[in-house]
Every structure is written in structure tokens, then in C-alpha cells.
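Worksheet: one structure, shown below.
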Amino acid sequence: ECSEQTMCTQDLPLFDLENNSTIFFFDQLIAFNQVYSLFHRYLCLFVCFFGVLLNSLHFYVLTRKTMRVYIINALLCAMSICDIITMTSYFIYILRFRIFDSPATTIGYSYPWLIFLITHVTSSIALHTTSLYLSVIMAYIRWTALDRLDAKWINHGALKQILIFTALIVSIISIPTVMVHKIVPVMEVLGVNETEAIGGGLKLEGLYTVQLDETKINGCALFRALPCLLILWFTIALIYKLIQMSEKRKILRGEKREKEEFQLLATSSTPTNTTRDEPSPRIRKVSQCRNVSIDRTTLMLIIMLVVFLCTEMPQGLLAILSAIYPTHVHTMIYVNVGEVLDLMSLINCLTSFIVYCVMSTTYRATVKSVLCRPSNRGTVFKNTHLLLNSYRIQVS
């Protein structure tokens, strides 16, 4: 308690704790946390269980031949693996530390379980950060593809470089997270020896707890907030680019003029008199479908980025504030809303699957073929392959 008071006097104050409105706000926040904590563990179990199943299905669908031709889908596969590991680890954590044992009544844990706890915390942060940086890379790839379809980062050859670079960056960022945890015996924390513990009726031998050093992790706040800032920038850039391309198409095509030209070419053009400079109506129609496809893909990515922003921006802002006001942010905000932020991060792991199911016809057809296995499955894949080959021809 004395050390906390010393930290409070040394740290910059974020809130005026003598203001009645501030006191009332934090009283309500504490009351909310007490009520929400009763339901948090069960909500997380539900989200993690179905999240692992849906992300496994998502990974399997994206690895089909009809879906893996795009590098963005390959990156989504990597994100699905990160989400599956994160949710599985969180599922075990909830069962062991929040349902089987209550933190309010448990004094300590065995050493192996605390090793798992530190591994869970470190890996969850690292994998979630990896997903955020991969989403930033996807936004950059899509932003580049809207200008140049032959850009370097669109090819699958760049996938290995992207994954290695992301893993290296996240590994460096995760070093402070590992260093901040320290496993110590419970008797050392309580300041008692084995004889005093036995005399007091406490069985503390073989029990350990985790101590945190918040000062070692504050320097990493910028790296945790950086993906949120990049996602915000690319979301605005993609929306602006999408509007800009839509306006250009309206100017270049013209609604009425395009219909008249299409009818004229459909009635008068033949394969013998079609010139190289004037594409056939069929090619024009495929080109229009390609433009629509580009808009739909960009819109899907924008929706995913917006959801990422809504769930991750609060954590990014708190990470920055915790570096400036560590004591107030940790003891008054993180302690009371940390579980809500965890749930938002878990829900964020389902974004890709939900968006693809709602907005991608090819994805829904592939999911249906995987789950239902209809008799005309080969025909569905054949038609999809023909569509993809036509797309590649038009791009080239």
C-alpha cells in the first residue's frame, strides 16, 4: 500500500479525485465492473468456443482453390490461425482461473500454471498484435492495388516476406511484455515464513503468484497504439480512394452514353469487324463486373477496418495514457474496464468470418459446398475457376 501511495505521488495525476463528479463516475464504473464480472467468464466461454469453430471453418474455406488465389485471403488465413490460438488459450484461462478457482478466494497457484498464465498473456498480446499489423498490411495492399494491379505486394511471392517481417516486429514488441512478469512465492509476498504460515493454518508451500512491474512496459505503449493509428489512416485513405474511383467512372462512362454504345455494339458488331481499339460487348460487360468486384472487395475491407477501429482504438488510447499517467489509468480504468476490452478483442476475432459471409457470394458458395457437399460441387468449382481465369485475362 505504501508503494502504491509513493507511485501516486510520483506519477502525473490524470483525474481530480477531490471532484464530486469524478468520484461519482468512478463509483458507477466500479459498480458496473462488479456486475459485469459475474457474466464475463460465461460470455467469453461462449465467444471462444464458437470463435474457434468459426475461425477453423474460415481457415479451411480460405485455403480452397477458389479462394486462395488472392494474397489478402492468404493473410486472412494467417489471422485466423492467430485468432484460433488466442481463443483456445483464453478458453483454458477462463476455465482454470475464473471458473474452477475464484481470484477473490485463491491465494496462489502452482508454478506450472503460472508459467501457462504468463505464456497465455504474452502469446495473446503478440498474436493479437500480429492480427492488427496484418490488417494494416492488407489495407496497404488494397490501397496499392486500386492504383496498380501489378504492384509488388499483390503477388504471392511477397507473402513470405510479409509474414517474416511481421513476426520480427511483433517479437521485438513482445519483449517488454515478457520482462514485466515475475513469478514469486506467496510467502515472500505476504512476508511470512513457513513456520508462521503453518501456525496460522495456511498451506502456502508450493504456491506462487505473479508480480508486475508496470514501469517496464510503458515504453511499449506507442508500438501498441501504432497499428490503431495506421488502420485509421488507411481506412480514411481507402474511403477517399473508393469515392474518387466512383466519380471517375461516372465521368468516363456516363450512364446514358454507355447504354447507347452497348446497344449499338450488340446489334451491329460482329467478330470480323471488331477492331482492337473497340472491345466487344462481352469484354465491356466483364470489365464492368471487374469494377464492381473491386468496389465490393474494398468495401469489405473498409468494414473490417472500421470494426477493428471500434474495438482496438480504446485500447490504443489507454496504452498511450498509461505511459503518461500509469497509476491512475491502471488502478482506475484498466481494473474496471479491462474485462470489457478483452471481450471486444475476442469479438474482433470473428469480424473476418462474419463480413465474408454477409458480403461475398463466392465465399458463401464455397462454405455451402464444404458443409453441404452437393452433387454439383464440381460444376460450382468449374464455373468459379472460369470466372477467375477470365478475371486474370482481363487484368493482364
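Every residue gets a Cβ built from N, Cα and C, even glycine.
Annotated features, as they stand in TrEMBL:
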TRANSMEM  39-62  transmembrane segment
DOMAIN    54-356  domain 'G-protein coupled receptors family 1 profile'
TRANSMEM  69-93  transmembrane segment
TRANSMEM  113-141  transmembrane segment
TRANSMEM  162-184  transmembrane segment
TRANSMEM  221-243  transmembrane segment
TRANSMEM  299-325  transmembrane segment
TRANSMEM  345-363  transmembrane segment
Contact call for the transmembrane segment (345-363) and the transmembrane segment (69-93): at least 3 Cβ pairs under 8 Å, seq gap 6+: yes
Positions on the same chain near the transmembrane segment (299-325), where near means CB under 8 A and six or more residues out: 11-14, 72, 132, 135, 138-139, 142, 214, 218-219, 221-222, 224-225, 227-229, 231-232, 234-235, 238-239, 242, 333-334, 341, 344-345, 347-348, 351-352, 355-356, 359-360
